[in-house]
Amino acid sequence: MEWVVSLVYAGFLAGTGALAVIDVRTRLLPNRIVYPLFAFGVVGLTLASWLGHEWWRLIVAAAAAALCFGLFWLLWFFGGMGFGDVRLIGVIGLYLGWIGISAVEAGVLLGTLVASVYHIGKLLLGKASRKSELAFGPYLIGGAWAALALEAVLLAR
């Protein structure tokens, strides 16, 4: 099972790394990367759950993906962000949810906190306005990567 999990998360890191670069450059998160990354996660994490007889992980991952997507959909609906970020957080919820709820909480919190501090700093320095666009994807991805790293460190103890 470990090799499947390693492969799945290597794919996650590669896919989200590409998405972060694209989002910084274009302010877009292309569906041609987001959707296959989601499908790869569903298939890979289902296989890992089956091999490890840990179906609860898949249930938590699905619930986390749905919850993250739903909460960010509300933000999008009221004009708070682009829909690419909504799709991305669903993917992040899936991958982090398989690790555990604490990973989801840490990833979303860290990404959102860093983005908020950065943007508030730009506002205070007069380098941005309330209407300025922010590529939120790289912050969400950075939070997810940090959560994965934190979980790896905690599991190694």
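Glycine is treated like the rest: Cβ placed from N, Cα and C.
Annotated features, as they stand in TrEMBL:
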{"type": "DOMAIN", "residues": "15-113", "note": "domain 'Prepilin type IV endopeptidase peptidase'"}
{"type": "TRANSMEM", "residues": "6-22", "note": "transmembrane segment"}
{"type": "TRANSMEM", "residues": "34-52", "note": "transmembrane segment"}
{"type": "TRANSMEM", "residues": "58-79", "note": "transmembrane segment"}
{"type": "TRANSMEM", "residues": "91-116", "note": "transmembrane segment"}
{"type": "TRANSMEM", "residues": "136-156", "note": "transmembrane segment"}
For the transmembrane segment (6-22), could you work out the same-chain residues 6 or more beyond its ends whose Cβ comes under 8 Å from its Cβ atoms? 28-30, 33-34, 36-37, 40-41, 44-45, 48, 88, 91-92, 95, 137-138, 141-142, 144-145, 148
Give me the stretch from 34-52, 91-116, 136-156 with the greatest number of Cβ pairs under 8 Å to the transmembrane segment (58-79). 91-116
Taking the domain 'Prepilin type IV endopeptidase peptidase' (15-113) alone, what is its mean pLDDT? 97
Residues in the domain 'Prepilin type IV endopeptidase peptidase' (15-113) grouped by DSSP into helix, strand and remaining coil: 87 helix, 0 strand, 12 coil
